[in-house]
Amino acid sequence: MRSKDKISYFYDGDVGSVYFGPNHPMKPHRLCMTHHLILAYGLHSKMEVYRPHKAYPIEMAQFHSPDYVEFLQRINPENQNLFPNEMARYNLGEDCPVFEDLFEFCQLYAGGTIDAARRLNNKLCDIAINWAGGLHHAKKCDASGFCYINDLVLGILELLKHHPRVLYIDIDVHHGDGVEEAFYFTDRVMTVSFHKFGDKFFPGTGDVKEIGEREGKFYAINVPLKDGIDDSSFNRLFRTIISKVVEIYQPGAIVLQCGADSLARDRLGCFNLSIDGHAECVKFVKKFNLPLLVTGGGGYTKENVARCWTVETGILLDTELPNEIPENDYIKYFAPDFSLKIPGGHIENLNTKSYISSIKVQILENLRYIQHAPSVQMQEVPPDFYIPDFDEDEQNPDVRADQRSRDKQIQRDDEYFDGDNDNDAS
């Protein structure tokens, strides 16, 4: 057991200021609400807080096609009508709209996950958190499901520089299809996704029979669930599967995507999980004492997203939080009871004991085929992308500092961050 985990937390106020559109369910403003709730509970004083670097196009192209990345850089609301063919090719439109500062938004959330992975690789922390990340649907050459750049894949690729095997766990209500697809043919990443499946629910993939191919056969695990699963059923299944996966696969690091749309009463969800039930997964994964990268994901009832990720930040810090939400810039959103925890829902649970048992049996049977962790011929670890040495005397105050200089500027108080009352607030 580690005596006390060292936590790195990544946040940039600009990431929550973008606007997908008036009727779009994705509200990045939820990230500002989460951050201010974390501040209100004083959790920032127990972590190392960093502003992430903006991911470079060359970093994004470690997974995504250069043409797609270049188009994301070029497109904006004013010129999008000039590129109807490219818009269709890259799946940009209603679900994945073009909005102001789209590429910078992608740079910030992807940069946070890449930075988190690098700090873990360099043993500068035990746990790294980027609630802005977790956009698991993005594909190599196109956007999907409100996701443009797949930060999770980029983070896992970083972790693979130092770890023979990485375990990816996804508790979003939607199948983690983009991450699974990226690593479907390799045994160096095991993907485990717990999600709603059936009834034409997006993205339509994630059947228990989808297990990977070639070298990756049996290294993709899908746990397809029906409407209404509750805390006890979900947590029992989660503990059984994840404990067996860790025992057999022996990962060097874990990436945990904590999509909050699996909570009860989510605008797009259909599960009955309480915040305690959702957070129990985080608590369980933390107990393995492996390098852990934690991200956000879906979540479309924004006040509950903020509640959930604040509670889970507390769990990662071994800090119990009082249920009464303290005063903060977004306090009005938590009316009328101003409680941190929300209970489970009351949708009929269609996941019968026999159904859950059959899913569990199939998954555990597949795991028998990989009783021994795969052996990996390790090559020389490639360096992180080159960032020029920082000369403090030559630093331009009008230009955002690079990652190395920002690492010297760790802050433990509120004033580091853009707030609604600041003159330069977003």
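Each residue, glycine too, has its Cβ placed from N, Cα and C.
If you look up Swiss-Prot, you'll see His137 marked as active site, proton donor/acceptor. Taking Cβ-Cβ distances under 8 Å and a sequence gap of 6 or more within the same chain, the neighbours of His137 (active site, proton donor/acceptor) are Ser144, Gly145, Phe146, Cys147, Asn150, His174, Gly176, Asp177, Gly178, Pro203.
Sequence-distant neighbours of Asp261 (Zn(2+) binding site): residues of the same chain at least 6 apart with a C-beta under 8 Å from its C-beta are Asp172, Val173, His174, Arg267, Leu268, Gly269, Gly297, Gly298, Gly299, Tyr300. DSSP assigns Asp261 (Zn(2+) binding site) to a helix in the three-state reduction. What Swiss-Prot lists as Zn(2+) binding site is Asp172, His174, Asp261.
Among the features that Swiss-Prot reports, compositional bias 'Basic and acidic residues' is placed at 397-414.
Swiss-Prot lists 415-426 with the feature compositional bias 'Acidic residues'.
Summarising the annotation, Swiss-Prot assigns region 'Histone deacetylase' to 6-318. Averaged across the region 'Histone deacetylase' (6-318), pLDDT in this predicted model comes to 98.
Marked as region 'Disordered' by Swiss-Prot: 383-426.
Note: the Zn(2+) site is recorded as Asp172, His174, Asp261; in the same chain, Val173, His195, Gly259, Ser262, Leu268, Gly269, Gly297, Gly298, Gly299 also have Cβ atoms within 8 Å of that site's Cβ centroid.
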